[in-house]
Structure formats: C-alpha cells, structure tokens
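Undergrad: When I checked TrEMBL for this same protein, it listed these features:
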DOMAIN    A:29-110  domain 'Manganese/iron superoxide dismutase N-terminal'
BINDING   A:His54, A:His102, A:Asp191, A:His195  Mn(2+) binding site
DOMAIN    A:121-200  domain 'Manganese/iron superoxide dismutase C-terminal'
Amino acid sequence: MALRILFKKPCFPIPSHYGSTVPLRQFKTFSLPELPYDYGALEPAINGEIMQLHHQKHHQAYVTNFNNALELLDQALAKGDASSTVQLQSAIKFNGGGHINHSIFWKNLAPVNEGGGEPPKGPLGLAVEEHFGSLEELIKKMNVQGAALQGSGWVWLALDKETKTLSVETTANQDPLVTKGASLVPLLGIDVWEHAYYLQILPVD
Amino acid sequence: MAMASQLLLLPNLRFHSNSQSAPRVISNPICRPLKLSKFQKRYKQSLRDSRVLAFYGRKTPPYKLDALEPYMSQRTLEVHWGKHHQEYVDGLNKQLENSPLYGHTLEELVKVTYNNGNPMPEFNNAAQLWNHDFFWESMQPDGGKSPWGGVLQQIEKDFGSLEKFRDEFVEAALSLFGSGWVWLVLKTKEKKFAVMKTSNAVNPLVGGEIPIIGLDMWEHAYYLDYKDDREKYVMTFLNHLVSWHTVALRMIRAEAFVNLGEPKIPVA
C-alpha cells in the first residue's frame, strides 16, 4: 500500500511582541496526496521503483519546498518586504507547480485492470475525434511535442474554456498549464522530466 | 602551452567518418536536386555529383567508460555518451544538412545559433554537443581532491577559500530549477573566477566568459547512479571526479585571453 506521508505543520500562533497589534496569518500547508493505486500497479508500463521515487521523493520534495517557500512568503508579507516577496515567486512557481502538476498526473494514470490505457469514450472521445481526427493522431501529436521539448517540462491535453477547443500544449520545467493561457484546463498531463522514465530507459543497442 | 593547444585549440571540425586518414568525399545522400546558393553552385560544379560536407562529431571521453567507477557508472557513461551525446551529434548534422550555417567551428556555431538570446533551433544540439565534450574532459579517473599552485591561488583570491568555492558551487547546483549546467568560469571583464549556473543548453561561451569546469545537472547525468540525490552527485563530482589537471590547462589557455596579472611568487 502506498504510504501516506502527512506533512502538516503545527498551526499554533507564534507569541507576538507585547503590544503588537499585527495579526499573524496562518495558512494551510499542503501535503502529499495518496496514490489511488499501488506503486507496482502500473507495471510493465511504469515500474514500481520509478513510481515510488517519483511519488515519495520528487513529489514530496516539491510539497516540502512549496510549504517552506510559502512560509517565507508569509513572513516577507508580514514584514512588508517587497523584494523578498518577488524573489520567492520563482520558488513558489516551481515547487507549487510541481505539486499541482504531479497531483494531476497521479489521477491521470490508472492500472490496466481499472481502465488504464482504454480509448476515451463519450464526449471526450468525440471531442478528440473532432479536434485531432483520431486518437492515434492525438497520440502522435503529443509524442512529437514531448520529444521536441528541450530540457524538462510537461505535455498537456488542454481544454480551452472560452473557445471550447482541445489542444496540445507544452510547458517548461514545472510551469502549470495556466501559464500558457488563463482559460486552459488540463485534461491530461505527461511528465517528460527525465526522472519520470529514466530508470526504464532502453539499452543503447 | 603546446599541451594546451593540443587539447583545446583545435576546432571541433571533423569529417563524417571516424577514419583517421584524409577526409573522404561522400556522395550527396539526398538524391534530388537541391536549391543551392550561387556560391554553393559554383562549388558543386567543381565536384561533379558529390560534395565534401563538414559535419561535427563528438569527442570520446579521455578514459575508458568504466574508469570513473564507482562514482559514475559505466552504464551511465554508455547511455549518456553513447546515446544522448550521439543524439545531439546526429540531430545537429541533420539540421545542418540544408542550412546556410556552414563552415563554423563548433564554438562559433554555438555563439551564432544563440542569436543573442533568441536561439535558433540548431542551438540546443550545438550547445549540448559542446557542453558534453567539455564535461567529459572536466572529469578524470582518480580526480577530485584539491587543486594546487596557480589554480588554488586564483580560487583563494576570488572566493576567499577553497571551501567557500565548493559551497558556492554546490549551492548553485542545488538551486537550479529544471535542467541545466553549473560552471566555474573565468569572467573576461572582471578578470576573476565565478560560479555560474545556466538553464538547459546555455553555456558561458554565449556571454563571452571562459568556462573552466562544467557539471551536467540534467537528470540524465545522475539519475541512474544517484536517483534524486543531487547533493551527493555534486559532492562526488567535486571530491572524486573533477580533473584539476584539465582545469590548470584551461587556465593556461585562458591567460592568453585575460590578463590576470603577475603571479605571486613567494620570495625565499
């Protein structure tokens, strides 16, 4: 069973200086979500070792660093420190984005016996056919875009809420999909960071 | 100086074969008429149906692939050098087949394709090709330990102490978001050492600095050996892999471009 690792900071008020009237904000910390399946449940497509490392090490690191960055942000805001507030944005975007993206990623995957890998039916299937021609075309397009991505990033199947269209987008590093367009909703995300697949890399020959 | 020139000053311009003999003329692999510029047409006419194309090649690490065990496994080198580095070569050669970018040395190509911050599609392959050549040479079996002599003097002058340099290097490596590289560079204007981190394929050449050490922080460089433990990888690199001999040679070459002043020779 996937271990649930809770990372809740104790939310007690820090004793403020005598006479201070500034209220101290308390924010909700984020925690690592549990996987809805075992680490080994996605074999042979993704092996258990990758899933465990990806979830327990990488995603956990994003969550921890996200919480730390938010705490520092809280302190900077309380002090009115503008430059620290801005400086922390990249850490928040990176770690927060990592947490959001991976949370979506775990939900996107499912073991074969729970429907993983089956073609989409219903409105999604029709939309895929309308926008891409066929599922194979969509897969090909996502493959091409994923392979062409330089460095680390994500490939998304995105739904544009305004225009009601599907599209394939890529984002760099851990940028969430909204950085590509405020009305984009991620339907499917593929992690093309090397840590997501490197341990299963094929031999050279 | 002669040794330095052997290692570094030869441009990475090779013909499309691994043979040691004179470049052989290869026939045009694309058997359809190409749209050629006037210069190319004139050149082509002098060579009938075949033309000599200068492609780029990758350098072989100056040690056997298992020589860096146990700090960097043979498997990592096989995949990193054999697969990834080769992919950059193949990708670049393919991109340059019908391209006006012709006749540059690899270093020049990197700077040209960087295009002052608006990189061309060839930049990624060209820069990664150069970066990896630099990376293999930055390491050696039985490496690490401490620099000595002029290099140590310069490090102590610019960082305060060797420990401070190591801390700064590790901190730069760990604070890198995403894929990238960490470098020890000699800054040409400030005339001093500095630690630099770059994203994806960018390297110090594009900024006009002289790279002295390069460390690959892309996940493919360490994932097989260290999984997600980046700190251990960087510490191992500094303690056991980095080649201070190569650093010294690169410094000798760099001093031809940057005047670092008189060395402090202790008076007896």
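Keep in mind that glycine also has a Cβ here, set from the backbone N, Cα and C atoms.
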Undergrad: Around the Mn(2+) site recorded as A:His54, A:His102, A:Asp191, A:His195, what other same-chain residues have a C-beta within 8 angstroms of the site's C-beta center?
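TA: Going along the sequence, the neighbours appear as A:His55, A:His58, A:His59, A:Phe105, A:Trp193, A:Ala196.
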Undergrad: Name, in order along the sequence, the binding-site residues among A:His54, A:His102, A:Asp191, A:His195 with a Cβ closer than 8 Å to any chain B Cβ.
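TA: It is A:His195, listed by sequence.
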Undergrad: Which residues of the same chain, at least 6 positions away in sequence, have a Cβ lying under 8 Å from the Cβ of A:His54 (Mn(2+) binding site)?
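TA: Result: A:His102, A:Asp191, A:His195, A:Ala196.
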Undergrad: Let's check the environment of A:His195 (Mn(2+) binding site): how many other CB atoms sit within 10 Å of its CB?
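TA: That number is 18.
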Undergrad: For the binding-site residues A:His102, A:Asp191, which one has the sparsest Cβ surroundings, going by other Cβ atoms within 10 Å?
TA: A:Asp191
Undergrad: Indicate whether A:His102 (Mn(2+) binding site) is helix, strand or coil by DSSP.
TA: helix
Undergrad: In which DSSP state, out of helix, strand and coil, do we find A:His54 (Mn(2+) binding site)?
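TA: Its secondary structure by DSSP: helix.
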Undergrad: DSSP secondary structure for A:Asp191 (Mn(2+) binding site), reduced to helix/strand/coil, please.
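TA: The residue in question, A:Asp191 (Mn(2+) binding site), is strand (DSSP, three-state).
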Undergrad: Determine how many residues of the domain 'Manganese/iron superoxide dismutase C-terminal' (A:121-200) DSSP places in helix, in strand and in coil.
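TA: With helix first, then strand, then coil, the domain 'Manganese/iron superoxide dismutase C-terminal' (A:121-200) has 35 helix, 24 strand, 21 coil.
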